[in-house]
Each structure stands twice: as C-alpha cells, then as structure tokens.
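Trainee: One structure coming up, written as structure tokens, with questions to follow.
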C-alpha cells in the first residue's frame with residue numbers, strides 16, 4: 001500500500017513509457033503539456049526529414065553502384081568470375097588493382113563554391129589581383145607619370161603563338177590518323193603473309209606518328225627560338241597526345257585481337273576515338289557518362305578565370321620575382337644570397353602552384369568537359385587536406401595519376417607477378433620525374449635538373465616516409481611547409497639560372513643568343 005497523502009499518477013514521456021509523478025506537481029504538468037506536445041511534433045518532423053535524406057542518399061549510392069557494375073561488366077567472351085576461383089597455373093599471371101570507372105560527378109571546387117565561407121577565400125584571391133593592378137598603376141604613375149598597364153612580360157612569353165598553333169595541327173593529325181589506322185590494320189583476319197604485311201605497315205605508321213610528335217615540336221622550338229609560354233603549349237600537347245595514343249592502343253588492342261577471326265574486322269568507332277582526343281581524361285573508353293546539356297555561361301566563366309590566372313601569374317613574376325633575380329646573377333655567389341632568394345621565392349612559388357592548379361586542373365579541364373558534356377569532373381581531390389605526400393601525389397592531379405596507375409604501376413605489377421610493388425612504385429616516380437624534367441627543359445631551353453632531384457630523390461623519400469599512416473593537423477602543416485620550401489627552391493634556382501644565361505651566355509652559344517641586346521627581356525625592358 002502507498003503511504004497516506006501520497007497519490008502517484010502516470011504520464012506519458014517522450015518514448016511513450018509511463019512515468020510516476022507525485023500528485024503535488026499537477027500544476028507544473030498542466031503548464032508543461034503544451035510544450036511536450038510541441039516538442040514531440042518537432043522531433044517527429046526531424047525524424048521524417050532525416051529519413052528522407054537517408055533515402056535520397058541511399059538511392060544515389062545504389063545508382064552509382066549499379067552504374068559501376070555495368071561499366072565493369074566483363075565482355076561476352078570472358079566468363080564471369082567464380083565465387084571460388086581456381087588457383088592460377090604457373091604460366092598465368094594475376095590481375096592487380098582496379099579498372100578506372102567513370103561516373104557523373106562535379107569537381108570538388110564547384111561543390112565547395114556553394115559554401116559562402118569558401119567563396120570568401122576565392123574573393124580574397126580576386127582582391128589580391130586587384131591590389132596588384134592598382135599597385136602597378138600607382139607605381140608607374142609615380143615613377144613615370146602614366147596610367148597605362150604594360151604587359152611586356154605577357155607579350156614576351158606568348159611570342160610567336162601563331163607558329164606554335166600551326167605546329168600543333170600536324171601533331172594532332174598524326175595522332176588522329178596513325179594509331180587508329182594501325183589498329184584497323186591489325187584488326188583484319190589473319191591470312192598468311194598479307195596479315196604480316198599489314199602488321200608491319202601498322203608498326204611503320206606508329207613509328208612515323210611517334211617521330212612527328214617527338215621531333216617536330218623540338219625542331220620548331222629550337223629553330224625559331226620560341227619563348228616559354230609558346231613552348232609550354234607545344235610540350236603539353238606533345239605529352240598529352242603521346243599519353244592518349246598509348247592509352248587508346250593499350251585499351252583497344254586486346255579486344256581487337258580477341259574479336260579478330262570470329263567477327264571479321266572489329267575496332268572502336270572513329271567518333272569515340274575523336275571524342276577521346278578532346279575529352280579531359282587520359283584513359284580511353286568507348287563511352288563515357290555524359291551530362292544532358294551544355295552550360296555556355298559556365299564555359300565562358302571558366303575560360304575567363306583561366307585568363308585571369310595567366311594575368312595574375314604575370315603580375316606575380318613582374319612584382320615579386322623580376323626585381324629580386326634580375327640583377328642577382330651579376331653579383332658574386334654567396335650562401336647568404338642563395339638562402340635569402342629562396343625565402344623570397346617561397347610566397348610567389350606557392351602562388352604559382354595554386355594558380356597552375358586552379359587555371360588548368362579546374363578551369364581549363366572543366367570548360368572542355370562542359371563543352372563535350374563529359375560527366376566525370378573529378379580531375380583532382382582534396383589534396384590540400386593531405387597529411388602525407390603519398391596522398392598528395394594521388395590527389396593533386398587525378399587525370400595523370402590514373403594514367404600512371406593503370407599503365408605503369410598495374411602493368412608493372414602484372415609483369416613482375418605481384419612481387420615487385422616497390423619496383424612498380426619506383427617506376428611510377430621515375431617516369432613522372434623524367435617527364436616533369438623534360439617539360440622544364442623544353443620550356444626554359446636549358447637542362448637544369450632541379451625538378452628531377454626534388455621530385456625523384458626528395459619526393460620519393462617523402463613518399464615512403466610521410467605515408468598514409470600519419471594523420472593529424474601537424475602532418476598537414478608539415479606537408480604545406482615542405483611545399484612552400486620546395487616551390488621556393490624551384491623558383492629561386494630556375495630564375496637565377498635563367499638570368500645567368502641571359503646576362504652571361506656561354507661562349508659556345510654567344511653567337512646564337514636567342515635574346516640579343518635591344519630585344520625585349522623577361523624583365524619588361526630592353527637591354
């Protein structure tokens with residue numbers, strides 16, 4: 001029995017369970033009842049909203065899984081994998097890694113730009129460009145009494161641009177015709193000596209294609225003494241077309257040889273190959289996921305931003321690099337001057353890195369992707385959040401990383417039988433470092449292996465020491481610190497070498513100085 005004077009009653013709680021309350025709290029219960037009902041309704045609404053969001057996310061994940069399953073479905077002539085696969089024979093080699101799957105997705109920066117806080121960072125960079133323009137106008141007005149922006153450095157860098165564009169035409173035509181025609185020759189049924197003749201002819205076509213791509217741009221750049229930006233266009237197109245040609249043959253030849261003899265001549269359609277030469281990927285597929293329409297305002301915006309980045313880079317070089325390095329090569333060398341120049345070059349160096357990333361990997365590739373309705377816009381990942389250099393190398397440039405992973409790392413593992421992961425990874429670093437150094441040598445016109453040492457030696461060591469096991473903010477700070485120092489070293493040493501060759505040309509090239517006295521110099525004045 002309950003004590004005298006104590007009356008307990010029950011009320012419903014949030015979970016619907018009865019709860020005992022003393023009868024003396026009746027007035028409090030009367031006041032709390034409306035709040036309780038309102039809170040219960042609010043929680044029900046929140047529950048429904050969460051369920052709807054979870055359902056939408058689940059549907060999206062299932063759609064993506066279905067698309068990936070369709071894209072990775074084996075061809076009809078290849079059996080489905082068994083749940084209990086048989087062991088490999090001694091002559092068989094295992095298959096490693098994954099096959100690149102393309103899905104419709106936006107670039108990460110486009111998603112981040114929808115957040116107001118991130119757009120503010122973008123506005124800060126625009127404000128910085130405005131400050132550069134205003135300071136240039138103010139300095140020119142104070143020193144020389146004029147209010148006209150001069151673009152001597154920009155005009156010098158893009159000199160003889162029409163010649164570079166004309167040189168690109170035979171490079172593109174050779175890539176368009178030779179690999180595809182060679183594949184068509186190999187796709188014909190085997191018929192004694194005739195097929196052997198066609199195979200040899202296909203190899204001759206590929207050799208001629210490689211000769212045109214490798215020799216023609218170098219010949220034009222050296223003979224006509226193209227300036228850096230025009231050379232940059234040629235060398236990037238040279239490397240891009242070579243990588244695309246290899247991917248096309250690497251992906252199409254196995255299927256073509258398997259189908260030969262059973263179905264007659266089989267080869268990918270010419271339109272798919274032509275589309276591949278322009279779409280922003282280095283991995284060939286016959287079809288890609290496509291967007292429903294083209295947003296031409298988005299295309300114009302990205303091209304305008306890319307042009308703004310070029311102007312930004314010219315202002316940075318003209319205001320932060322030229323005044324420091326133009327006369328440094330005339331002074332005696334000292335360790336103090338070298339260290340100071342590296343510290344001065346860290347800020348413009350990291351600015352140049354960010355501008356190259358934003359102008360090319362975001363603006364330029366997204367503009368072409370939009371024009372071609374190319375659906376997969378993951379040209380990079382969140383490399384700025386990396387806490388290891390191994391993750392940074394994977395996320396900085398996904399387009400090139402996919403090519404290296406598919407055709408250098410995976411094929412290296414296939415050739416080595418899975419026991420040489422370290423050797424395959426070293427091969428990736430070696431190929432990437434050599435190509436990067438070749439690009440610098442082509443653009444600047446001299447061999448100075450700063451990039452080769454930083455990328456292959458120091459970058460390789462950092463890749464194995466600063467690996468994915470390290471997490472936390474301190475490792476991200478360390479990665480950014482090393483990036484600052486690395487960019488400062490590159491900008492400082494390459495600028496010093498450029499001006500040293502400018503002011504003190506070697507005796508054997510003095511008669512062929514590409515920048516004679518009186519011609520416009522990179523410093524924006526005449527000598």
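For all residues, glycine too, the Cβ spot is worked out from N, Cα and C.
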Trainee: Quick one: which of 50-73, 74-97, 338-361 does TrEMBL have down as transmembrane segment?
Mentor: 338-361
Trainee: In TrEMBL, one of 244-263, 264-283, 364-383 is tagged transmembrane segment. Which stretch would that be?
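Mentor: Matching range for transmembrane segment: 264-283.
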Trainee: When you get a sec, could you say which of 15-38, 303-326 is annotated transmembrane segment by TrEMBL?
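Mentor: It is 303-326 that TrEMBL describes as transmembrane segment.
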Trainee: Given the ranges 199-220, 221-242, which one is assigned the annotation transmembrane segment in TrEMBL?
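Mentor: Feature transmembrane segment in TrEMBL: residues 199-220.
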Trainee: Is the transmembrane segment (264-283) in contact with the transmembrane segment (154-178), using three or more Cβ pairs under 8 angstroms as the rule and ignoring pairs under 6 apart in sequence?
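Mentor: Between the transmembrane segment (154-178) and the transmembrane segment (264-283), contact is present.
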Trainee: Tell me which residues of the chain lie with their Cβ under 8 angstroms from that of residue 436 (active site), as long as they are six or more apart in sequence?
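Mentor: Once residues fewer than 6 apart are set aside, residue 436 (active site) is near 451, 452, 455.
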Trainee: Between the stretches 264-283, 303-326, 474-495, which wins on the count of C-beta pairs under 8 angstroms to the transmembrane segment (338-361)?
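Mentor: Looking only at 264-283, 303-326, 474-495, the most contacts with the transmembrane segment (338-361) come from 474-495.
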Trainee: Cβ pairs under 8 Å only, please: of the recorded stretches 121-142, 264-283, 474-495, which one is richest in them relative to the transmembrane segment (303-326)?
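Mentor: When the Cβ pairs under 8 Å are tallied, 121-142 comes out ahead.
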Trainee: Go through the chain and flag residues at least 6 beyond the ends of the transmembrane segment (474-495) whose CB is under 8 A from any CB in it; none is fine as an answer.
Mentor: 321, 324-325, 338, 341-346, 348-350, 352-353, 385-389, 392, 440, 444, 448, 450-451, 454, 458, 462, 466
